[in-house]
Amino acid sequence: MKTVEIYTDGACKKNPGPGGWGAILIYGKNEKEIYGGELDTTNNRMELMAAIEALRALKQGCKVELYTDSQYVRKGITEWMQNWIKKGWRTSGGDPVKNVDLWQALDKERNKHDISWRWVKGHSGHPLNERADELANLGVKEALGETG
């Protein structure tokens, strides 16, 4: 099974507003950068999209070290999701889970891989997290039609 490192980030100008996601996938000496954006979204949705699209980019099941600066994503996948599923995608308070469409997509993708979810402090100078942030901001620009 291949081992892949993934660094993800999401960005949003205003929240909600135009947003973008970015990810870097590293396998050995090979790197792949992906990004995208949406005109009307939230930062949390873009953080989720970064992880979903990065995992979708893998052509086969892999051992993955996925780094995110989003506690929402990391805690959601490692602590909260199991109970959400048991409760029919409801929170402990009985409310519908926010962004359930993306959580369900992430759940589907994560089941294809052996993933270790890692947290990295955002904007702390970590080079690969900073690159993921740059890609997310490119996604915002693309959504706004500002890329040339």
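Using the three backbone atoms N, Cα and C, a Cβ is placed for every residue, glycine included.
According to Swiss-Prot, the residue from Glu47, Glu53, Glu79 that belongs to the Mg(2+) 1 site alongside Asp9, Asp69 is Glu47. In this structure, the C-alpha atom of Asp133 (Mg(2+) 2 binding site) lies 5 angstrom from that of Asp9 (Mg(2+) 1 binding site). In the three-state DSSP scheme, Asp69 (Mg(2+) 1 binding site) is classed as coil.
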